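Marked as active site, proton donor/acceptor by TrEMBL: ASP60. The substrate binding site annotation in TrEMBL covers HIS8, LYS12, THR34, GLY35, THR36, THR37, SER54, GLY55, HIS87. According to TrEMBL, the domain 'MGS-like' annotation covers 1-139.
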Amino acid sequence: MKIAFIAHDRKKDEMVNFVTAYEDVFQGHEMYSTGTTGQRIMEATSLRIHRFMSGPLGGDQQIGALVAQDELDLIIFLRDPLMAQPHEPDISALLRLCDVYGIPVATNIATAEILVKAIDRGDFAWRDLVHKYKPGIEE
Ligand SMILES: O=C(CO)COP(=O)(O)O
């Protein structure tokens with residue numbers, strides 16, 4: 001699977017703890033992140049993650065481009081709902097693309113917990129069918 005991690009500043013500790021706790025589940029998957037989030041995760045774990053730009057410098061949009069190209073199966077995006085972000089339009093654009101393409105996206109730790117257990121159980125097998133048949137997007 002192809003998984004992306006993104007966390008706003010006040011959620012980074014939570015993200016690091018989460019990924020550390022489930023490191024064995026994430027091992028072996030192809031992983032992406034925004035700049036600082038990926039750096040923090042790699043400092044704390046043995047996971048290798050392809051890091052894009054930092055969010056405010058375009059990282060959310062780079063991950064959005066992967067969604068548009070059907071190159072991501074899951075996004076864990078721990079957003080800070082109590083702090084305004086200078087790049088809010090980029091964040092909205094990424095979440096919109098997830099809805100356009102039906103990409104599972106967890107925006108809080110409770111949903112992230114459920115989805116990581118779903119990976120472990122093989123519940124993401126339907127993504128293989130999506131890749132296989134790739135229906136066109138309705139306009
Ligand atoms: O701002 C972000 C997502 O919107 C995250 O970017 P960083 O991982 O570089 O802090």
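Each Cβ is built from the backbone N, Cα and C atoms, and glycine gets one as well.
Sorted by the number of other CB atoms within 10 A, the binding-site residues HIS8, HIS87 start with HIS87, the lowest. If you measure from the Cα atom of THR34 (substrate binding site) to that of the residue listed as 'active site, proton donor/acceptor', you get 7 Å. Taking the C-alpha positions, the distance from HIS8 (substrate binding site) to ASP60 (active site, proton donor/acceptor) comes to 11 Å. Summary for the binding-site residues THR34, SER54: the Cβ-based neighbour count within 10 Å is maximal at THR34. The highest number of surrounding Cβ atoms within 10 Å, among the recorded positions THR36, ASP60, is found at ASP60. Mapped onto DSSP helix, strand and coil, the domain 'MGS-like' (1-139) counts 78 helix, 19 strand, 42 coil.
Across the domain 'MGS-like' (1-139), mean pLDDT in this model comes to 95. Between the two most distant C-alpha atoms of the annotated substrate binders (HIS8, LYS12, THR34, GLY35, THR36, THR37, SER54, GLY55, HIS87) there are 17 Å. In sequence order, the binding-site residues near ASP60 (active site, proton donor/acceptor) (Cα within 10 Å of its Cα) are SER54, HIS87, drawn from THR36, SER54, HIS87.
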